[in-house]
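**Student:** Annotations per Swiss-Prot:
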ACT_SITE  GLU78  active site
ACT_SITE  CYS141  active site
ACT_SITE  HIS165  active site
Amino acid sequence: MKILVTAFDPFGGESINPSYEVLKNLKDNIEGAEIVKIQVPTVFYLSVEKAIEKIKEVNPDAVLSIGQAGGRYDISVERVAINIDDARIPDNIGQQPIDTPIDPEGAPAYFATIPIKEIVEEIKKENIPASISNTAGTYVCNHLMYGILNYIHKNKLNIKAGFIHIPYLPVQVLNKPSTPSMSLGDMVKAIETAIKVIVKSCKKSR
């Protein structure tokens, strides 16, 4: 069994992206599943292209994408991706789409196909705050989640997929008073816990 995990490079003036720091620290094997790791650029369309290339290469049982959501307090397991780009800031190559469909012929939205409620409950059992989020935003994170689910749907692939937003790391909020953060250790434990739930779910549906 293979689980593909994606993370982003830094964006918006940050020198690090916690999603990539978490990715680098994940175990290579979790519950018997090989963990395939890839960093994708914080760039509209190119992020999806890179993820799809890897999906074609490794044929994973599930894809879990991780992204930074500065200002959030907890591990946010996303429920839905919507078919719109509406960028508050430019991406890493200067693109800033406003009110633009990701795929003009795609569905209005796709729900995550990983077990989001079980993931939240298991993370909480590790004494790490977590919740279901009903919006992944309209920036590159939502774009990637939608793009992956859209690709899976259109090609009728038996691959589960979802997205988890994580807070800033403490080092990122040194000059951001009152902005929440979470330790790298807790975030790694949370994502590995989520992967365990996903692996169990994939085994059940085989």
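The backbone N, Cα and C atoms fix where each Cβ goes, and this holds for glycine too.
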**Student:** Using C-alpha atoms only, work out the spacing between HIS165 (active site) and GLU78 (active site) and round it to an integer in Å.
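**Tutor:** HIS165 (active site) and GLU78 (active site) have their Cα atoms 7 Å apart.
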**Student:** If I take the alpha carbons of CYS141 (active site) and GLU78 (active site), what is the distance between them in whole Å?
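**Tutor:** About 10 Å separates the two Cα atoms.
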**Student:** I'd like the Cβ neighbour count for CYS141 (active site), meaning other Cβ atoms within 10 Å of its Cβ, all protein chains included.
**Tutor:** 24
**Student:** Using a 10 Å radius around its CB, how many other CB atoms surround GLU78 (active site)?
**Tutor:** 25
**Student:** Per DSSP, to which secondary structure element type does GLU78 (active site) belong, with helix, strand and coil as the options?
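**Tutor:** Note: GLU78 (active site) is in a strand by DSSP.
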